[in-house]
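Peer 1: Before anything else, here's the structure in question.
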Amino acid sequence: MDSLNRAAEELRSTQFPSELLKRCSVKRTRKMWAWTGCFPLLLVAVGLAAGARDGDVRLVGGQRSSEGRVEVFYGGQWGTVCDDGWGIAEAQVVCRQLNFPGALSAVSGGTYGQGSGAIWLDDMECTGDESDLPSCCFKGWGVSDCTHSEDAGVVCDRDTALNNVHVYAVDDGLNLSEKLGRLWDSGIGCDFSIVVQSPNRDPADETFCTHRFILSLDPDFTLVSSLQRSSNLTMLVSSACRPYVSSFLRYLYTRQIGITIASVLCLHQMASEFRVKQLQADSARLYPWLLPEDDTFSSPLSMYDDGIRTGDRVLQEVCLQYLAWNCEALINSTAWSTLSTETLQALLSRSDVIVPDEPFLLNALESWFMASGNETEPSTVAALLNNIRFSMISADTLYDLQFTSDTYKKYTALYDADMVEGYPFHVLSFQKLKTHMDSVDVGYSPRTYTGSPWGYIISATEISNYKQSNFNNPYNGWYNGFSRSFTTPAFNNALFQDKMMTWTVEIYFSAEECARRGYTCNSGLAARLYPSSYVQNYEGIGYNNRVVMVCDTGYIFHVQDFKDNIVYLPANSTTGQAYPCFTDQYSFQFVVRPQYKM
């Protein structure tokens, strides 16, 4: 009991910060990810860094210490927050994190001057109750389409009765996690037994002796209520997750755990079931790093199902977005025919699905129908077909369906109903169409089509050759930069097929290249896509173009919309890539997306 008493006393005397280092830098070692200097981790190592820590905030540029531009520390450097989505709820979180009573106002538009370096956070969504700013929802670290002219700021409410502006934290908890880990390993003084069972008692029951006091420190832990009533309890865990129970229980002591592609699903499930909220949240944040490791799509689909089961909408979105972006590879995998109707419905309804063209997606759906045999109800067929954007299929291809599609012959009436809605898009002017539309229907908007003529690919080899050529002969082309051209129709219906446009692609691989064009590239990587030929001002037509980045291992890891014909891209895996690519070998797909606008 001496060890337990000493640990308990150490807990009582330690001042914990509200949340220790929720974001961190990431390193990869073999098949395990290590989040260094953060809490919790993937090898989750609680550590106290000198000075600022990931997730810390500060105010810069104000006349008082209670106002200024909001800056966030992450990955060893300070960066700013974009004012997109910035409001009083977000300001409240910042001010309370800085130990002010609250916020008086949220300030936008670079009022306190423009910052430098990374724009770490964008599209913030806070409830106002979060303990720190990174606990709110946001795109991802460094994922932003903003410039520093949009740097967000706050004005905090000062406590004028006391001079509590400066707070100096003292944290002596560095070694506590290690000591509690030794307590778990030794079992000295344990007084509460947890019996782990699986269905059909396979494998056999396993008993862990734990410390009642340690388990009671997490009030949300579902087993807490049993601690006072008995000296033991039973945990029901699936056979597949049994190898990770010991690590899960040890985490309750140390708040440290190793997570791999094999263990993340089980750890997230146990954290969700037993309400270990921090582990649930942190394991979910690792999914973007782990999803690309499984090219069979088995794990991404299982993770999505787990998000559905637990009601975790963030996890659902992370997985579904990955499946949408890599839809072509998913369709070509054996996993496609195994998709549930619900998953397929959710996937087809998305506008960010990336495929060569809409007929490719229709053919894939028909192959799913064929794999399902005669078990698919007509109502299900109708619901799924309703997600196909027949307006995005050429009139010639629509006409050929009656001769080429076996599924059409089986569900002729269902196809005809959708195809009838597709034909007007190709033969009627926008002026005519909009007389019966209050807004542009989603079916009249393209997904991300990488096939000809709308997609243009620049391969990793082409980029590598360009870099090598200019490295060997620095006067050869660095000044002019990397530039290519391609042509597309002005619009994607039959009326515009003979009206062609020429587009120019430019990629800037350094801050110097950007500067020569009058741009500031904080990450050192940017691209432009703009019409280089005369563009007639067609009424109601706009372009929402995108760039798609493909890792050399074949998966799409980042997608971003152009804003004013330019896009600032994350140059490496630690600067905001949605599903990080850990090499510098990747290709670009530039996609022109014409669409009507009211």
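Glycine is no exception: its Cβ is also placed from the backbone N, Cα and C atoms.
Below, the features straight out of TrEMBL:
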TRANSMEM  32-52  transmembrane segment
DOMAIN    57-157  domain 'SRCR'
DISULFID  CYS82-CYS146  disulfide bond
DISULFID  CYS95-CYS156  disulfide bond
DISULFID  CYS126-CYS136  disulfide bond
DOMAIN    190-261  domain 'BTB'
Peer 1: From the DSSP assignment alone, can you count helix, strand and coil residues within the domain 'SRCR' (57-157)?
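Peer 2: Helix, strand, coil within the domain 'SRCR' (57-157): 16 helix, 36 strand, 49 coil.
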Peer 1: Can you tell which of the disulfide-bonded residues CYS82, CYS126, CYS146 lies nearest to CYS95 (disulfide bond) in space, using Cα positions?
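Peer 2: Considering only the listed disulfide-bonded residues, the nearest one is CYS126.
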Peer 1: By Cβ count within 10 Å, point out the most packed of the disulfide-bonded residues listed: CYS95, CYS126.
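Peer 2: Result for the most crowded candidate: CYS95.
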Peer 1: Below 8 Å Cβ to Cβ and six or more residues apart, same chain only. Which residues does that give for CYS146 (disulfide bond)?
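Peer 2: Correct list: CYS82, ASP83, ASP84, ILE119, ASP122.
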Peer 1: Near the Cβ of CYS156 (disulfide bond), how many other Cβ atoms are there if near means within 10 Å?
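Peer 2: CYS156 (disulfide bond) is surrounded by 26 other Cβ atoms within 10 Å.
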Peer 1: Which ones in the same chain are close to CYS136 (disulfide bond), with CB under 8 Å and 6+ residues apart in sequence?
Peer 2: GLU90, VAL93, MET124, GLU125, CYS126, THR127, GLU130
Peer 1: Find the average pLDDT over the domain 'BTB' (190-261) in the predicted model and report it.
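Peer 2: Mean per-residue confidence for the domain 'BTB' (190-261): 88 out of 100.
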